[in-house]
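K.L.:
Okay, here's the structure, questions in a sec.
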Amino acid sequence: MSANSVQVLANAGKGESTRTLLRVIILLLIAGAAIASRLFSVIRFESIIHEFDPWFNFRATRYLVAHGFYKFWDWFDDRTWHPLGRVTGGTLYPGLMVTSGAIYHALRALTIPVDIRNICVLLAPAFSGLTAYAAYLLTNEMTPSPSAGLLAAAFMGIAPGYISRSVAGSYDNEAIAIFLLVFTFYLWIKALKQGSMLWGALCALFYGYMVASWGGYAFITCLLPLHAFVLICMGRYSTRLYVSYTTWYALGTLASMQIPFVGFLPVKTSEHMPALGIFGFLQLLAFLDYVRSAIPSRQYQTFLWLFASGTFGLGLLVLVVATSAGVIAPWSGRFYSLWDTGYAKIHIPIIASVSEHQPTAWPAFFFDLNMLIWLFPAGVYLCFQQLADEHVFIVVYALFGSYFAGVMVRLMLTLTPVVCVAAAIAISNVLDTYLDARSPNPEDHQVDDVSDGTAKKAAKSGLKSTSKPVVGVYSTVSKSIVATAMTAYLLLFVLHCTWVTSNAYSSPSVVLASRLPDGSQHIIDDYREAYQWLRQNTREDAKIMSWWDYGYQIGGMADRPTLVDNNTWNNTHIATVGKAMSSREEVSYPIMRQHEVDYVLVVFGGLLGYSGDDINKFLWMVRIAEGIWPDEVKEREFFTPRGEYKVDADATETMKNSLMYKMSYYNYQSLFPPGQAQDRVRGVRLPDVGPTLNVLDEAFTSENWIIRIYKVKDLDNLGRDHASAAAFERGHKKKKANKKRVARLLRVD
Amino acid sequence: MKTTAVFSAVLSLLTLVSASSSSSTSSDKGTSRVKLSSTFKPPPAFKNANLVHVISVEKNYVKESINVVIENVDKAAQDEYFLPFTADQISRLGGVEVKDRKDASVRPFTVDVVEYDLASDTQYLRIRLPIPLKPKAQQTLGISYYLLKAYSPLPAAINQDEAQFLTYLFSAYCPSVYTTSKQKTEVKFPSANIPDYTKIPGSEDSKDTFPTKQGSKLTYGPFEEKPAGAYEPVQVRFEFTKPVIHVARLERDIEVSHWGGNVAFEERYELYHRGANLSQLFNRVKWAQSQYYNPTSYALRELKFPLRVGSADPYYTDAIGNVSTSRFRSNKREALLEIKPRYPVFGGWKYPFTIGWNSDAKNFLRKLAGGGYILNVPFLEGPKQAEGVEYEQVDVRVVLPEGAENVKFYTTIPDSSITEANVGVHKTFLDTIGRGVLVIKARNLVDDFRERELIVTYDYPFMASLRKPLIVFGSVMTVLVSAWLLGNVELKFNPSKK
């Protein structure tokens, strides 16, 4: 629609400044739409940080704002990974926190009293406006059509693939990283086109910012060398390429090494080797280029072959030796899982246990990109039509991005920008052709082929077969049909995006919403109820043991030390917690004592039918624990002989005796009339006699039972083990009553 | 609302108590403390001719009132009457008010804490009579005060569905530094369930023992003449199956906006439950069941804030965000905010939270004839609970518009409760010189003072109200002009000119 109006006005022959003004207004509107469509959760719920990882980022940002940059840089956090702690300052990407901290201080300097939480919540939507602008710039480098850039900006603004990680409250690294990704690519294209050192340096600067913000920077680190390599293979080596690439690589690598978490990785790990290799290769090419200009071509041929094969062999040898000697780290596990999707499940269950690391299902592409996904190949095809250096980039990016998006759900995010750009090129091409109000006049056209800008563009960049029989479309009917169809598609796209955003991506997951019979919204706030209880009514250094999913939330909302959290840097520690959860009480208790655990927190959805609870995640705990203690924890024992995962009366003894099972169902049956205790998630009836807990006391259960907190008992005062002490307590009352009566009788006598 | 007559009457009072307005330094209001030599002993200049001591333990603070006929037994006219307390009591004492029972127009009585020896366990409150009492003359004083954190639960830990019992320790004879000819002590309880109380023998000749119980009231006495310092410890234990709410700190911000025509309130509570702890940890099943069968519980479930009519846009949050369990009923007659804590608050638990709301400035703010403004807001607007609420520390901040000057205030809160009042500067919302902010700190208040007023007057010149728009306009223009100038600078090498 925006393209429509631009076209109309452009045809009306308005001046350049009007177009610029119009473009600025359209871009502002797109930015506004991008921001507005991300605010569903704020309007429905409140300004709240979503999910899990954002809670850590939020906590880190608060730390940064409260203690200053240097303290943040040196932050050793002893409130996570108890008793190990975490060198947080050196193991995070500080870009996000520093960005929000800078915004916070800037606003404070203007004496605008804004809460740091609100900055964090609204950072992602604000940056999505900038991303739309960056997409506009990138697309404008690809095609001279004025509408393509605006379309790309609009697509980028509302494509669900990007919204999924940038709704208000989704305060994660990706919030700013996608903007940096697109903008770095734009600067790279700019640098490459002009062979400009200034643009190359800017590109390196934003690359550095990107490295500081997101681990996905490796995508750029691999894509730019790949682009350069493809260009070289196509025989397109030029000094432009040399200048832009070497500038980017030298400055960018130095910039990336300033981040403590990255440090010397760029010269040590395999992921970064392509960039280094291409850097060296370009030096060789430049040298050869120089040699060629200096010596006769015949000798040059031989020289070239000898030199090239020698260098290649040498380089390969060095790489193999260095890798086997351990100087260069081999590919990391997460990286392997990019090539073999089954790798993680076998070797690193902790990576496989994260849903966003799963391979993408096909419908997800349509869900996240809607019509863009079928316009995407058309756009790529149009790039092939022109195939300048920058179009090669789009082609390479499209191939690379598609593969990774297919391997890992999360990487849909990196695919989205190129899909938006390619689709915008395709659509603008169609619109430019079909929205031209004038009927082409063959004679006219043959004479002044060059005169009209838009007509020529359409003819040149359009499909060759259609454009050849003279410049296209005569009939107003076909024009209007195609234009209407495209408009309808665009409108449907907007509808789809809004629907997806509203239904799939706007739930904070900390707060659940349900509807009351009268249609009003009822908020289920069990997480915060329990976290607030922990925060207010337990000792400040009370250690909480829970599955790692909730580590960041406990740290952020309950402000209590945790054993494991979403950082997952220490698999053994997580496996220890998994073992404690999946073993019998007598085995778990020493583990909990050794780790000074005061409270254990489990998530139980049985009463409410909340399916994301710990019993459903339980098998991952078992698997991860089994990875370290294969003799003590066996996944097989949690399945019935018929291979079913059951929690009712048929559950295996190992299952029934596991701490997790006991904590989830402890005292649960007393909420129901006898024989009617039901688990609404798994849809089964539970046995009448619930599990007994000897080493734990129930300390708090939230209103809808989603969170259950248990206190770890101290050692028994009389030196008994907990089982006999608890048995004594239970049997105590009867005995005591008997004794009393006897004693009284005796005394009377 | 108030009539102008009331305002003018109040205005005449304003000169009595006014914070130093122009200077932003802390004006020491004397903090109601008098320093005397460490060997100080109150002179036995008075005699208590007749004394009735009423102790009310109906709410979760103790309200004591002493109605006493004092008689000057000295030869000279006297104007200083002393009341003894223990050091511990003095720190928990608040809201002292004294009046003449017979003639309300006799005022003001000033009340000060005597500071003479910090190590001594006996501390004195000095009441200065407005007119010195002549020898042999009598005057009837009504002294009332509140004691916070007065009870201890017994048993100290109970199950979550049990009844809560509190104990209170006091003296059957009213503590006094003077001889008391005749006195009795009445104790009022919230219910007739008083399982334990100390029995003391009556007078030497009669055989009956004290106290006499009458419904929910115990009466010790009447006693015959007791010397100064007579003490007879008495402990009562009574049922109080209601939350013992203690607000350790209340920060109350009142922000006046002339441009917005709005007065914004925000209150931050640090709330504790001082009742019996749980003997067994919290059991959700039992709790859910007791909601149906036996709803009386000593856990705090709900707080009700009757706000001023016309209050709007309330919010209720805590450290981790919005709390959805609140209701706001607003119509022409009431504006009732009902909030529930995230979890039922049992003894020993705490629950800090924040509430806030807006109100039309017309409801509180009025322009005076002389060009100044007068703001009349409640000093305290805490929850109204049947069991009462006690506040250990109350910090009220009134943020006035930028450029307001000549700030004066007057409040009907007892003077002795206010520990500090000053005018500072607070910068917010694009301020350049900052706003005047009146900070009043008070100690040991209870919800009986909910309706007490805080009246602030200030001058706000017209030019001050234009300051911000002009500054914002000016700075935006500066930015635009400088951007335009910078845009005109040619940075490129221009080969054609070479």
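Keep in mind that glycine also has a Cβ here, set from the backbone N, Cα and C atoms.
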K.L.:
With TrEMBL as the source, identify the stretch among A:246-267, A:488-509 annotated transmembrane segment.
P.N.:
A:246-267
K.L.:
Which one of A:91-107, A:346-362, A:652-668 shows up in TrEMBL as transmembrane segment?
P.N.:
A:91-107
K.L.:
Below 8 angstroms Cβ to Cβ, which residues of this chain, lying six or more residues outside the transmembrane segment (A:145-163), approach it?
P.N.:
2-3, 6-7, 10, 19, 23, 26-27, 30-31, 33-34, 37-38, 128-129, 131-139, 178, 182, 367-370, 372, 412-413, 415-417, 419-421, 423-425, 427-429, 431-432, 457, 461, 493-494, 496-498, 500-501, 504-505
K.L.:
Go through A:91-107, A:119-139, A:175-191, A:211-234, A:273-291 and flag the stretch with the largest number of C-beta pairs under 8 Å relative to the transmembrane segment (A:303-329).
P.N.:
A:273-291
K.L.:
State the non-local partners of the transmembrane segment (A:273-291) in its own chain: residues 6+ outside its ends, Cβ under 8 Å from one of its Cβ atoms.
P.N.:
221-222, 224-226, 228-229, 232, 237, 239, 241-242, 245-246, 249-250, 253, 266-267, 300, 303-304, 307-308, 311, 315, 319, 328
K.L.:
So if I exclude everything within five residues of the ends of the transmembrane segment (A:21-43), which remaining residues of that chain have a CB under 8 angstroms from its CBs? That is, six or more out.
P.N.:
2, 5-6, 9, 50, 121-122, 124-126, 128-133, 136, 146, 150, 153-154, 156-158, 163, 166-169, 497-498, 501-502, 506-508
K.L.:
Who are the long-range neighbours of the transmembrane segment (A:175-191) in its own chain, taking Cβ under 8 Å and residues 6 or more past its ends?
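P.N.:
Contacts of the transmembrane segment (A:175-191) (Cβ under 8 Å, skipping residues fewer than 6 from its ends): 95-96, 99, 123-124, 127-128, 130-131, 134-135, 137-138, 141-142, 156, 162, 165-166, 197, 199-200, 202-203, 206-207, 209-210, 213-214, 216-217, 219-220, 224, 227, 243-244, 247-248, 390, 393, 397, 413-414, 416-417.
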K.L.:
For the transmembrane segment (A:391-409), what are the same-chain contacts with Cβ under 8 Å, counting residues 6+ beyond its ends?
P.N.:
142, 185, 188-189, 192, 219, 222-223, 226-227, 230-231, 234, 236, 337-339, 341, 355-360, 364-365, 376, 379-380, 383-384, 415, 418-419, 421-422
K.L.:
Could you pull out which residues elsewhere in the chain have a CB under 8 Å from any CB of the transmembrane segment (A:211-234), counting only those six or more residues past its ends?
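P.N.:
Distal contacts: 93-96, 98-99, 173-174, 176-177, 180-181, 184-185, 188, 241, 245, 248, 252, 255-256, 258-259, 262, 266, 271-272, 274-275, 277-279, 281-282, 285, 389, 392-393, 396-397, 400, 404, 413-414.
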K.L.:
Helix, strand, coil residue numbers for the domain 'STT3/PglB/AglB core' (A:543-593) per DSSP?
P.N.:
32 helix, 4 strand, 15 coil
